[in-house]
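Read the structure below first, then the notes.
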Amino acid sequence: MVKLLSPLKWAVVFCSCSYSYAGPVQVPGLQVPASAAANQEAVKDIFLQSYNAYSQFAFGHDSLLPVSKSFVDDRNGWGATIADALGTMSSSQDLFDQALDFVSKVDFRESNTPSSVSLFETTIRYVGGMISAYELSGKQHQILVQQAQQLVDKMVFSWVEPNQTIPFGEIFFSNNTPIVAVNNVAEAGTLDVEWSRVTLYTGNQTYTKLSEGSVRTIANLAHDLKTLGLPPQLVDPTDDMFVDAFLTWGGGTDSYLEYLIKYARITNTDDNLFADSWHAAVDSSIKILQRTSTVGDHIYLADWNAGEILLEGSHLACFQGGNWIFGGKLLNNQTIVDIGLELVDACWNTYASTETGIGPETFAFIAQDGTFSQPTAQELAFYQEHGFWITSTTLGPSDYIQRPEVLESNFYAWRATGDTKYLDRAASAITSFQKFLVAKETNGFAGLNDVNDFNAGLEDDTESFWFAEVLKYLYLTFDDPQNISLDNFVFNTEGQVFEAPPAKAVYGSGTPRSASGQFQTKTSDGLPLPVISPDPLVTIKPGPMNGQ
């Protein structure tokens, strides 16, 4: 373990603390160049090739195993790929009709596997996918709302006690019994965007009350904003106490922070709690977490563990650049937008620096202060050339599991600036996917065991979010910017798009939310802990990525 101390512990930040007037997120009148059409067609071909492989070897199951020509039911066997891909395939009527017919016949009241049901994954993939498809198809297929409501009506049993505000993360549908365990703030705080849409189309306010109430509790839990502006990763629903003291924009916290500003936008609520809590998280992250690599001057957000700065990053956390661009525009705060663009550049560098042109699951870097695991001679040489090195953790080697976050943020950067370098980057990703991800056994698309060594082979999994997020963000990058405009739509954390009302003139008070009490947390000793973003091939444990 290496720890560096700097005499300049805090960055000097000049934030706008005046009243915030929202401007457009996108560049007005933005157009794509003529060359975009070929790239968009290439993305469509990848989608069809991927979905054809799924249809041939795994239709009706959750995910394709493209190397072994089989399938896995890791999302309760309800056909996660079909539900997740609904919104992306809406321009292909035949595929959409087939998918609509399938999801309309699923009995979501019972899991098709012995597994418990994840509130988070079920909400973002199934509920989000069906409600988004309902909106994108002109609100003519009411069965999609009914099926989404069927799921939510089962998940409400994750609130057990009358006064419980934070739900448990897993529930057995067979007896409506949740697993009593610690939750993470991302999974507890990433329900309100989708559940409020179900309320919108059914009139049942319970869904909004429960999902929004969880976010309010997390946001209101006393924490000292003089040093912290974002909550620890873990929270105990039984007593509303934070667990441990690990702060990150990565997995386990990520989409809670993401949804604070998105919920403010999609609801146009007059309650400043959501926008101001997001503003506080960003403001304190600039002051406390922002670090510049000693090679390449790349801007990263470090993690924080009980007062210790950890110089580590992840693909999951790379959503932050796009989120900061989006939120900075809504707050009319150019400082936030500019740092967001720098975060986008740093995350893209993790793609541009590898043999395959695809970025790793996790990485580390060196800054003027902070702690990092001692790199090997080979890793240090890589750092000296690229400003980061690829890390191997409990996840395994430097893999790629078809995550979308880097291309997601690249999409936001293109729409917000009109700089064609972001189109060039997206085109580069298309080429890399075509060259390195095709499994010859099925002609489907897989992940990589090692992004810097293609010979390490393919990971045997096609994620449902490959269709919902990666290919959607790529497709829209080359689409007419007025289609699914960031001024008219809000994306959930699974890439599902929802209609947004006309933007308000003001989001938030213009001032980060202040503290209301003392920071309190308890240890995780002896408590059952959740995994972060569970996957057939990857299980992420809570806390620091490198066990620091």
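Our numbering is plain: 1 for the first residue shown, then up by one each step along the chain.
Glycine residues also receive a Cβ, built from the backbone N, Cα and C atoms like all the rest.
Residues or ranges marked as active site, proton donor by TrEMBL: E121, E361. The active site annotation in TrEMBL covers D254, E405. The Ca(2+) binding site annotation in TrEMBL covers T493. Sequence annotations record features per position, and here TrEMBL assigns disulfide bond to C318-C347. Residues or ranges marked as signal peptide by TrEMBL: 1-22.
Within 10 Å of the Cα of E405 (active site), the following recorded positions from the list E121, C318, C347, E361 place their own Cα: C318, C347. Among the recorded positions D254, C318, C347, E361, the ones whose Cα is located within 10 Å of the Cα of the residue listed as 'Ca(2+) binding site' are D254. Neighbour density for E121 (active site, proton donor): within 10 A of its CB lie 22 other CB atoms from the protein chains shown. Ranking the active-site residues E121, D254, E361 by Cα distance from C347 (disulfide bond) puts E361 first. Rounded to a whole number, the C-alpha distance linking D254 (active site) with E121 (active site, proton donor) is 14 angstrom. Taking only the Cα positions, the spacing between C318 (disulfide bond) and E121 (active site, proton donor) is 19 angstrom. A separation of roughly 19 Å, to the nearest angstrom, links the Cα atoms of E121 (active site, proton donor) and E361 (active site, proton donor). A sphere of 10 angstroms centred on the C-beta of C318 (disulfide bond) encloses 30 other C-beta atoms.
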